[in-house]
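For 135-380, the entry in TrEMBL reads domain 'Neurobeachin beta-propeller'. As annotated by TrEMBL, repeat 'WD' applies to 236-271. Taken from TrEMBL, the feature transmembrane segment covers 21-42, 62-81.
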Amino acid sequence: MLELNIFASFLANCFQVQSKATFFLFLNLNTASILFLTFSMFSYFLPFPSPVLLAATNLDCFPQLFFCLLLPFLATLPLSIHLSCRPSPVPEQYLLLQTPLMFTEQMQQDVIMVLKFPSNSPVTHVAANTQPGLTSPAIITVTANRLFSVNKWHGLTGHQNTGEQQYQLPVEIDPLIASNVGSHRRQISDLLDQSIQISSQCFVITADNRFILLCGFWDKSFRVYSTDTGKLTQIVFGHRDVVTCLARSESYIGGDCYVLTGSRDATLLLWYWNGKHSSIGESPGTEFTTPRAILTGHDYEVTCVSVCAELGLVISGCKEGPCLIHSMNGDLLRTLEATENCLRPRLIQSSTEGHCMIYYDKGQFCLFSVNGKLLRHMQVEDSIK
């Protein structure tokens, strides 16, 4: 046991873990073999003393059947086991790895930068794909007259620099917009249906910042445009009426993701975005693409949607009636019943932790669990679009 203690301490120090980690140490005393698996600190963390002989884990993350088969084997080992079913909040330490200045008092109080665009049209959609590893990290904005801007992201490193190093703003405004030269490459000129009111739900930006998806066209399609040239690259048909809203899931390796569309025909269609070929559909080059699933259950026009591939859930709201939760296979799972004064959902945002925030008319916010339970309700006086 002393050797195991030293070995676990050495592993914890190598990975710079003090009191929180996710180590699994399986020891087979008969064969004297050690299998060491490390799971990255991602969403769930459980506190336990260090050094660690057998790390705590979470039954929400793994099938219970796996543990039913594993526990009889582990019971024969002289090790302490700690299992917990409660999800722990994402610690500040993990978030600091992505945005080191998020929790500093100065960052919460100061406005780092203000962007002013030449266009007088209001900004209706903002997408910030700035994660490390992207070829072209940028913040993309789209105005109500469908003029988009690809603003290069430099990060906050230059903002912290003082002294001899040259000061650099975290965001560089799109030179084509700033100079007003070549702005035709940033304008989507195709006509929309006259009854469509442009909102954030009409746009989707791919994870690599290379394409914009736009809905609301009179021919009942949604379309794909290149952010580099502004040219149309694909037209997708499938709905029997005008497409009113779009959403995409988190992206996989290679840029693949799911795209969800809602329509006035009261249905939702789930599509597959092929990151390698930068198009909707698994077989590029075909004239017609088919959706992965058709989701029904609404009686009125779909106004807002959200899709979470990690949980395999689709959440949608319509003009009249409750919001619905579907599986990504198209099965209707449950309805989200809000309070009496929460009518006409306008915005939906879901999280991988199993929560869903819905904004209704007249400043009403509701927080639900994916099991359909109403967790919180709040009303604000400001008008949110």
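Every residue number used here counts from 1 along the chain in the order it is shown.
Note: Cβ is positioned from N, Cα and C throughout, glycine not excepted.
Where in this structure would I find these features, and how exposed are they?
Long-range neighbours of the repeat 'WD' (236-271) within the same chain, counting only residues 6 or more positions beyond its ends whose Cβ lies under 8 Å from a Cβ of the stretch, are 193, 195-196, 201-204, 206-208, 213-224, 278, 280-281, 288-296, 298-310, 314, 316, 318, 326, 328, 330, 352.
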Go ahead and report the DSSP secondary structure tallies for the repeat 'WD' (236-271): helix first, then strand, then coil.
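For the repeat 'WD' (236-271), the helix, strand and coil counts are 0 helix, 19 strand, 17 coil.
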